[in-house]
Structures are given as structure tokens and as C-alpha cells.
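According to TrEMBL, the features are:
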DOMAIN    1-81  domain 'Cyclic nucleotide-binding'
DOMAIN    156-236  domain 'DEP'
DOMAIN    301-402  domain 'Cyclic nucleotide-binding'
DOMAIN    429-568  domain 'N-terminal Ras-GEF'
DOMAIN    612-694  domain 'Ras-associating'
DOMAIN    720-956  domain 'Ras-GEF'
Amino acid sequence: MLYRQGEIGSSWYAVLGGSLEARLTHTTQTSSTNTDKAVVSLDVGATFGESIVHDLPRDMTVCTKTTCELLRIHQNDFKKIWDKHSNLMKDLIASNKLRNGMASGNLSKCQSPPPVMTQARRTITPDNPDPAEVITENPSMPMARAGWVLRTLLLSDQNTVLRDRKTGGGRSVVRRCASGSELIDWLMNLVSTDHDSFSRHDVIGMWQALLEEGVISHATGEHPFKDKCLFYNFWQDREGALNTPTIQDVAEAEEHLDEALQELVHRGPDAHLRLILRSPSSERTPEDLELIFEELSEQKALAHLPNSVKRELASVVVFEAHPKAGHTLFRQGDDGKAWYVIMQGAVSVETYSKGIVESLYEGEDFGGLALIHNVPRSATITVKEDNTHLLRVDKDSYNKIVRDIEANTVRLKELGSDVLVLEKSPRLHKYMIIAGTPQKILEHLLEHRLSTTNVAGSRNDPCLDDFLLTHIVFMPTRTLVSELNKYYHMENPAQDREYTINCKRKVVQFVYRWVVTIRHPVFDDVVSMSFLEELASDVEADCQLLGGKSQALQEEASLMHHIMSRLRRYQDERLETSGLKWKLPPGGQPICLFSAISNPSKNNRPIIRPNDDIIFRVYCADHTFCTLRLAVNATAETIKVGAYEKCSLRHPVQDLRIVEVKSNGERVPFRDSEHSIPTTVALNSCIFLTPKDHMDALTCVPEQEKSEGAEISGDFDSLSTKELAYHMTLFDWELFWNVHEYELIYLTFGRHRFQQITANLDIFLRRFNEIQYWVITEICTSQNISKRTNILKKMIKLATYCKEYYNFNAFFAILMGLSDVAVSRLSTTWDKLPSKSRKQFTEYETLIDPSRNHRAYRITVGKLPSPMIPFMPLLIKDMKFTHDGNKTHVNGLVNFEKMHMLAQTMRTLRYCRARHLVLDPPVSKNEADVKSYVSCLRCVNNERTLMSMSQKLEPRRT
């Protein structure tokens with residue numbers, strides 16, 4: 001028993017876990033005995049006990065039904081909160097009373113909530129979802145607060161957007177309402193100051209986020225939020241609220257406006273997606289289908305499905321919300337009628353013989369086997385968590401997709417086996433390659449995807465582009481040029497002159513597209529370079545032989561001349577930078593010291609090439625070392641042998657290992673076959689040579705320890721943040737420009753498989769870590785709290801400028817540094833930060849939020865033009881996700897659907913560099929100092945050391 005009816009209360013409560021019961025005590029007329037009657041259940045999120053504000057006795061008895069966890073606030077503290085935020089608290093308390101099942105303002109009568117609030121909960125799992133219905137049992141606190149802020153500002157607006165309006169020919173009046181178009185116009189004026197790229201669609205999502213939680217609704221509950229002359233009002237006004245905002249209310253709402261807008265901006269895209277998913281399939285536009293397809297592409301449960309299936313699913317998949325746990329979706333033995341994917345929440349899997357056998361969570365699916373094999377359900381599925389969201393595909397829709405795809409699929413067979421599978425794309429109105437043998441895929445591209453009359457006609461063909469970007473995965477360059485050579489010299493038994501010429505044209509056009517798309521890796525390969533020279537000679541000879549007075553192969557000869565000119569120009573550039581020597585500094589930092597010695601090009605940072613030399617140290621267990629100069633692409637075994645000869649170790653060379661020792665003492669051994677070891681080691685790491693059984697005895701060398709305790713050179717606090725962001729972006733752009741798309745494939749599939757390096761990508765990723773740890777180090781090495789607070793403020797401002805320059809790699813690194821526990825725990829420092837900076841940091845945290853596969857970031861950059869520096873770790877994650885979730889070969893054929901997905905990520909990289917970076921330089925008085933500082937960011941990357949420094953600055957409170 002928490003308390004009894006009639007007692008004087010001392011605390012207010014909120015339910016964090018478990019369930020309680022509120023009871024009314026009645027005295028019967030026939031006897032003097034009292035009887036308790038349970039009238040309402042108080043579950044997670046419920047609040048009660050607000051009678052303490054007016055010093056009234058408890059009007060109910062409250063006792064626990066299960067083990068509970070409660071939040072309790074004493075009467076004196078609660079009164080202070082109530083007095084300071086009276087209107088907001090009244091709205092929240094009234095909202096909670098409705099959620100608890102008690103009418104506003106009259107607890108003792110225990111009336112049911114008004115019909116408008118319960119209408120959306122009539123059907124939990126509708127066959128035809130209604131986007132006008134709410135999807136939560138109770139509005140969340142952030143959305144309730146955002147609703148209060150917007151309502152307060154709307155009511156205080158001089159334009160009186162919210163007002164009473166007559167509907168139905170003047171027969172009825174809707175209290176304090178506004179049309180959807182008016183609300184969008186009003187909110188866009190608020191949002192556009194900080195989000196110039198926001199569209200009306202984005203704002204529709206923000207209002208729909210409020211509607212789907214019951215904060216606002218259509219006047220009659222019939223419509224979701226639309227940009228039309230349909231009237232909507234807030235739930236307080238539907239309940240008959242008469243209060244008008246006071247000056248204090250308006251001031252408080254303006255204070256919380258940024259927070260409310262950020263919450264709505266964050267939730268808007270998901271709400272807009274749910275709006276589409278709950279609308280009839282016939283109403284989904286091509287843009288809607290593309291948005292759903294992107295969502296399905298991020299679901300790991302669907303990763304194995306071809307893109308064509310996902311696109312078909314986009315037109316039939318529906319959204320299903322379950323506000324309360326405990327609902328049974330289907331029972332063991334039922335007929336399979338639908339397939340489900342969990343978007344949010346969890347379900348329990350239960351069988352009659354074993355009970356609950358497992359739980360399924362976000363990203364997992366269930367119900368598919370019974371659908372595919374047409375058998376009864378093998379288990380009972382029950383919703384495990386409140387606010388569980390599902391994607392559902394009905395059986396009839398799924399079967400129709402399977403039939404339609406099979407009907408649109410063309411299979412080319414040889415000797416009874418498939419050698420090429422094509423599928424018609426409704427979106428592109430052409431057949432796409434799904435699978436095939438490498439030779440048949442190439443043959444199809446040459447015969448059907450290249451125009452013999454117009455080179456530009458094939459430039460936008462996605463299949464050709466995907467092949468060029470990914471062929472090294474399934475068709476090595478040596479094999480490709482061999483097949484191209486055969487096709488060019490194809491013997492034609494019928495001696496059809498036109499056919500022979502067309503074959504030659506297609507090969508030349510293919511090669512031209514290959515060179516333009518892939519660039520220097522084609523010229524770096526000895527086999528492809530030899531092929532290009534032979535092809536140029538053959539085309540010139542054939543042009544003279546076949547041409548005569550006609551124009552046969554004239555255009556192709558011109559293309560080959562252009563290719564060979566590019567080849568010669570590239571060879572001249574390579575000759576200028578040949579023999580470059582790179583130096584790996586002790587500890588591997590900073591990036592600027594990882595530089596080329598005697599670089600002839602002073603303006604641009606050269607590309608690291610496999611045959612360049614690199615100078616680095618290899619340490620022994622006693623911290624003695626030798627210096628090696630080897631090719632960048634040298635294997636760990638080559639490094640081991642070279643160091644063994646210089647260090648004169650007594651152990652046999654076959655018993656030795658090359659090991660990376662990080663600044664925190666972690667030891668990472670390398671396989672003998674691994675390439676480019678010096679460029680892959682982490683910040684402040686060293687390379688060791690050690691016997692296999694002595695690895696545990698390795699310790700950090702003095703250079704690493706010195707770096708851990710060193711003061712940071714330069715004074716960040718005295719430099720201009722805009723200048724820093726400008727020069728940081730230029731420096732990062734040079735590193736990013738040198739990363740080739742192929743390096744993503746090498747890293748994803750393994751460098752050893754291609755005998756290639758990822759050195760330029762390694763250095764760019766190292767730069768990300770360098771910036772992140774630099775941020776932490778700058779803050780944790782500042783002993784003065786005022787200076788530390790100023791550094792914190794400047795870091796947030798630096799992130800702002802990086803975002804303006806579209807340098808999202810540095811933007812993420814800075815924000816992740818500020819979010820590190822060594823910085824985030826400095827509460828005293830954060831408390832002194834100006835409120836504007838704190839709000840800005842909160843906004844940026846929303847942008848870097850990793851939930852829903854970084855949806856917020858993807859939406860933002862999807863609207864931006866090139867050039868930009870993307871968040872590279874996310875591109876690498878996308879590549880690995882595609883690789884791990886899809887087989888490269890299926891039934892002996894190349895899974896070209898996987899190549900489509902890989903190429904899409906690689907195209908993102910290419911799009912970011914579609915134009916050269918041109919920035920207006922800021923006014924500077926000490927440009928040289930800023931450039932030097934930006935390129936030499938010294939940092940500590942030992943988490944234990946950083947945490948120790950942080951705790952010395954602000955000891956843990958006891």
C-alpha cells in the first residue's frame with residue numbers, strides 16, 4: 001500500500017517500472033463496512049499524487065500490483081517546479097490523467113477519455129492502417145513539451161492562426177483550429193532560420209509526428225496531416241481549454257523553442273515515412289516508393305533480397321504499431337497470412353512445448369517461412385515491448401511479387417544451366433542484370449548496352465557503370481582485357497563487314513568508358529597498359545584498312561587518341577613523382593609528418609603508390625630498433641626478414657611475428673601475407689618484431705609515453721575558428737582527393753586478395769581519429785576552467801564552420817570527440833558553457849545520431865551539392881554491410897545485385913568529388929601559423945590516460 005484514500009500526501013510519483021492500482025473506497029448503505037473498488041491501472045509513464053499542490057487529502061488508495069520502480073518528488077520540491085512551470089505542468093498533468101483513464105479535472109468520477117483520444121486505439125493491428133490514428137498509448141514527454149511550446153506561441157501570435165472556425169456549412173464550430181497549410185507556413189518561418197534546405201514535405205513530417213502521438217489531430221479525426229485546407233487543433237483545445245498564454249508562458253516557450261524544433265526535426269522524417277506506409281498503396285507516389293525502398297535497403301532482415309524485390313515490396317508493405325506489450329500477433333497452428341520485420345521494439349517467440357524460446361528485436365523478421373511454404377505457424381508471437389513498430393507484407397501481396405518478378409525475369413541458358421539472368425525494371429523501363437557468368441555479363445554489356453552510333457548514349461547505363469566499378473571483384477583485369485581482345489578480333493564466318501566494325505566500335509567505346517570511370521588504376525596495371533597500346537595500334541590500322549573514304553572507326557580512332565594522350569600525360573606525371581620516399585614518424589603522428597621526402601610538387605599532396613618507398617622503425621622487445629626502407633606494398637613477411645637481418649635476433653625467422661603495439665598496450669599481430677603495414681597502424685602505435693611466444697611481454701616505447709604526456713604545441717585558444725576550419729578543410733580535401741574508389745573494395749574484400757594497398761584511405765581514416773583525439777586532448781590538457789570552457793565553445797563553433805564547408809568528416813570527428821566520456825563527464829565545464837552553444841551542440845548530436853543507420857545525416861547530405869567531404873567511416877560500414885549480407889556468387893553465377901549495391905556506395909564517393917573544392921579564404925593575419933597548426937594536430941589517444949586527465953580536472957563527486 002503506497003497510501004490510502006483520505007491521507008494527507010507528501011509526495012508526487014511517476015511510474016518507471018511495474019504496475020500499480022488506484023482504488024476508490026465506498027461505504028455501503030446496508031452496513032458500515034468499507035469496500036475498495038479498483039478503478040484504474042497505473043503503468044509505466046503514469047503519474048499521480050498531484051493533490052499535494054493544493055494540500056488536499058488523497059482522493060484514492062494506491063497499491064502496487066507488481067514489483068515497481070517509482071520516481072518520487074517531495075511536496076516542497078514539487079510545489080517549486082509547479083510554481084515555476086505552472087501552465088506546462090497543468091498540461092502535462094492533464095495529459096497524464098487522460099492517459100491514466102481519468103477525465104481532466106475530476107479524478108473521483110473516473111470517467112473515460114474523450115472519444116477523440118480513444119478513436120486511434122480502437123484497432124491495434126488494422127488490415128488497412130489509417131495514418132490519421134495515433135500510434136502510441138501516451139504522448140512522449142518530448143512531444144508533449146513540443147506541442148505545448150508550439151501551441152503557446154501560436155496562441156500568442158498576432159495573426160491569430162489558431163481561432164474558432166465554423167465547419168459543415170456553419171452547423172458546427174471547431175475550437176482553436178488552423179488549416180494544415182497555415183500551420184506549415186507558420187512553422188516554416190520558424191524552421192527556415194536554421195534550416196534553409198527544409199521543404200514543405202519536411203514540415204509535414206514534423207506536424208505528423210505530433211499528430212501520430214495525439215498532441216494534435218484533424219478536427220473530425222478523419223485525416224492525417226496534409227498541406228490542405230483541413231482543420232487541426234491541439235488536444236487541450238478539444239478538451240475545452242480556455243486559458244491564454246501569459247507573458248511568462250510565452251517567454252518560457254521561446255526559451256524551449258529550439259529544443260522543441262530539434263525534436264520535431266529529428267522525428268519528422270520517420271513520421272513522414274510512417275505516414276506513407278500507412279497510406280493506401282494506390283496513393284504512393286514514385287518519390288514515396290523511393291523513400292520506402294531506401295528504408296527497406298537499410299533493414300538487415302532484407303539484405304539478402306534483390307533490389308528488384310525490395311522495390312516491389314515498397315508498393316505493398318504496410319506499417320503496424322502496437323502501443324502496449326502483450327498483444328498476440330498470431331498463435332501456433334494459425335494459417336500464415338503475413339510476414340513481419342521489426343522496425344522498433346521486440347516480440348517474444350513461444351511454443352506450446354517449450355514456452356518462450358527467444359526474443360526478436362529491431363532489424364529481425366518473422367513469419368516468412370509459413371508464408372513461403374504455405375504451412376501453419378510454428379510458434380506464437382507476442383509483442384514484448386510497448387511501442388513496437390512492425391513492417392508487414394501480406395501473403396497475397398508477397399505471392400504476387402514473386403509471380404510478377406518471375407514473369408519479368410529472362411534467363412539465358414547454356415547446356416541446361418543459367419548463364420545470365422535479367423530482370424525488367426519498372427522504374428528504368430529496361431532489363432537489369434541480376435546474375436550471370438563474368439563472360440556473359442561482359443558479352444551482354446558489349447552487345448546490348450553500348451551504342452554503335454553515339455558514345456554518349458551509354459553514359460547513363462547503371463549496369464555498365466556498376467560493372468566498371470566492381471569488375472575486379474569477379475573478373476580480374478587480366479581476364480577482362482583478354483575477353484575484350486577476343487571480342488575486338490572476333491571472327492565472323494558470314495564475313496559481315498558491318499557486324500565486324502560494330503564489334504570493334506563497342507570495344508573501343510567500352511575501353512573509353514573504362515578509362516574515364518576508373519582513371520589511374522587502368523594506367524598503373526601493366527597488363528591493361530599493354531592492351532591499350534596494342535588496341536590503339538589495331539584501331540589505327542583497321543581505320544586505314546576499313547575506312548577508305550568512309551567514316552568507319554574514325555570516331556573510335558579519335559577516342560583512342562584521347563585515351564593515349566591521357567596515358568602519356570599520366571606517365572609524365574608519374575615520372576615527376578617517381579622514387580618518392582615516405583616517412584612514418586615515431587608513434588605514427590601527426591599526419592603532416594607522414595609525408596613525402598623531396599616532393600617535387602609543393603602545391604598538392606602526392607598519392608601514395610604501391611612502389612613508393614617508406615621509411616619506418618621496427619622495434620625489438622628491449623626497445624632497440626632498426627630503420628627500414630621498403631616499398632609501401634611490402635608484406636609483413638618482407639618486413640620481418642628485413643628487420644631480422646638488421647636486429648640479429650637469435651630466434652629462427654619463422655618463429656618471429658610482426659606486431660603493432662598501441663599506446664594503451666594493446667598488441668595486434670599481423671599475418672605474414674598482409675600488405676602496407678606502416679600505413680595501417682593506428683595513431684601513436686609502433687611496429688615490433690618479436691618471437692611468437694613473447695608478444696605478451698611487449699611494452700610501449702619512450703616515444704609513445706612521451707607523446708602521452710606531452711603538452712600540445714600551439715595555442716588553439718588564440719586562433720580563429722573560421723581560419724582553422726578553412727585550412728582544416730583544405731588539408732582534409734587533399735587527403736580525400738587521393739582516395740580512389742577501388743580502395744573501398746580492397747579494404748572490404750581484403751588487400752591480400754588483390755595484392756593492392758589502401759594507404760591513401762588509411763591516412764584519411766587516421767586523420768579522422770587524429771581530429772577526434774585532438775579535440776579530447778585540447779580540453780583535457782587545459783587546467784584553467786575558464787580556458788577549458790572557451791575551448792569547448794570554440795570546438796562547437798569549429799564544427800559549425802566545418803559543416804558550412806561541407807567537411808562532414810571533420811564535423812563528425814569533432815562532435816564525437818566532444819561526446820567522448822572524458823569530455824562529457826566534465827559537468828562543471830559544460831555548466832559554464834553559454835546556452836546558445838549547448839543548444840547548438842544538442843542540434844549537432846541529432847545530426848550525428850547513428851540510429852536508423854544514420855538517417856538524419858543521410859537525409860541532410862542527400863540534399864547537398866558536390867563538392868563535400870563525407871563521413872568516411874559510414875561509407876566503409878555500408879560496403880562491409882553489403883559484403884557481409886550478400887554472397888558474391890549464387891549457384892555458380894556472379895551476384896550482380898551485390899555489385900549494384902557496392903557500386904552505389906562507390907558512386908557516393910565519386911559524387912562528393914564531382915567538382916573541385918573552391919572556398920573563399922577568410923581574412924588572415926597569421927595564415928602560416930594556422931596552416932602549420934592544422935597539419936600538426938598532436939593528440940593523446942590512450943583512453944585510460946585521457947580519463948585520468950579528466951578526473952584530475954574534475955574529480956568524481958562522492
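The first residue you see is number 1, and the count goes up from there.
Backbone N, Cα and C atoms are what each Cβ position is placed from, and that goes for glycine too.
No curator has checked TrEMBL annotations; they are predicted automatically.
Summed and averaged per residue, pLDDT over the domain 'Cyclic nucleotide-binding' (1-81) gives 82. The helix, strand and coil residue counts that DSSP assigns across the domain 'Ras-associating' (612-694) are 22 helix, 31 strand, 30 coil. Mapped onto DSSP classes, the domain 'Cyclic nucleotide-binding' (301-402) shows 24 helix, 41 strand, 37 coil. Counting residue by residue with DSSP, the domain 'DEP' (156-236) contains 27 helix, 20 strand, 34 coil.
Counting residues of the domain 'N-terminal Ras-GEF' (429-568) by DSSP class, helix then strand then coil, yields 104 helix, 7 strand, 29 coil.
Residue counts of the domain 'Cyclic nucleotide-binding' (1-81) by helix, strand and coil are 12 helix, 39 strand, 30 coil (DSSP-based).
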